[in-house]
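Chemist: Sharing a structure, written as structure tokens. Questions coming.
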Amino acid sequence: MLILLGYLVVIGTVFGGYVMTGGHLGALYQPAELVIIGGAGIGAFIVGNNGKAIKGTMKAIPLLFRRSKYTKSMYMDLLALLYRLMAKSRQQGMFSLERDIENPKESEIFASYPRILADAVMLDFIVDYLRLIISGNMNTFEIEALMDEEIETHESEAEVPANSLAMVGDSLPAFGIVAAVMGVVHALASADRPAAELGALIAHAMVGTFLGILLAYGFISPLATVLRQKSAETTKMMQCVKITLLSNLNGYAPPIAVEFGRKTLYSSERPSFIELEEHVRAVRNPNQQQTTEEA
């Protein structure tokens, strides 16, 4: 929604300001310039990326127009889930989690948090490392190094669509110049025409430079920034899981471990200490929480 609002602001201010100076919008309508700039940009995108990158970019574009699912309440659910898993392992032993991690969809603990279940990346990250911890064949430092490696791989993969769009955005001003030069060449080839017609041809040629810059910095490049922001949110969730599980492995009690995880979150979504404490207390005493809700 914000993207569409931003586009409207760009269009309204740029073209509105042009009209205020006495310009005619019809002079800016040059389909041939759009074909040159857009076609060259798409071609450069295809040339500069392999099939996997192109597919990933196409898959990422619809995500731009969806609201972020990583809200404060989802972070609370994540920390509550981790708390319940760690508390169960403390009370019943690590092997008590085997059924939960082998089939999370049938686990009573995981089923209480459908948003985590629906996030395949996050679910796999949690389950895979709990499985490694249960195996007992790796120490804390090895697990931390493996987590860092996976998070780094995730970041690299998430950067591909953003970099692809950024490359297209960076190329559009140059393709606008190409379109403008071609228009100037056409105008110079028509030098025998009256001055009024020649001036119109040169004006049409200059539209190419205008469109290239506008499309690049007003429409395409901002999308790359949004993609990076969205991928950073997923990375932050993974870092939260990492810090929480490692804290538990280092001997901290589950309430302290989730506090470690809370401190890694962005301030805009981070619950306060009191909020998290009350949420954890509700998880400890579900019957009390249900009675309160019914009252």
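Quick reminder: no glycine exception, Cβ is built from N, Cα and C everywhere.
Since we're looking at a predicted model, the values are computed, not measured.
Pasting the relevant annotations from Swiss-Prot:
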type	residues	note
TOPO_DOM	22-33	topological domain 'Periplasmic'
TOPO_DOM	52-170	topological domain 'Cytoplasmic'
TOPO_DOM	192-200	topological domain 'Periplasmic'
TOPO_DOM	223-295	topological domain 'Cytoplasmic'
TRANSMEM	2-21	transmembrane segment
TRANSMEM	34-51	transmembrane segment
TRANSMEM	171-191	transmembrane segment
TRANSMEM	201-222	transmembrane segment
Chemist: Could you please provide the mean pLDDT value for the topological domain 'Periplasmic' (22-33)?
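Modeler: A mean pLDDT of 88 is what the predicted model shows over the topological domain 'Periplasmic' (22-33).
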Chemist: Where DSSP helix means H, G or I and strand means E or B, what are the helix, strand and coil counts for the topological domain 'Periplasmic' (22-33)?
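Modeler: Split by secondary structure, the topological domain 'Periplasmic' (22-33) comes out as 7 helix, 0 strand, 5 coil.
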Chemist: Using DSSP, what's the helix, strand and coil tally for the topological domain 'Cytoplasmic' (52-170)?
Modeler: 103 helix, 0 strand, 16 coil
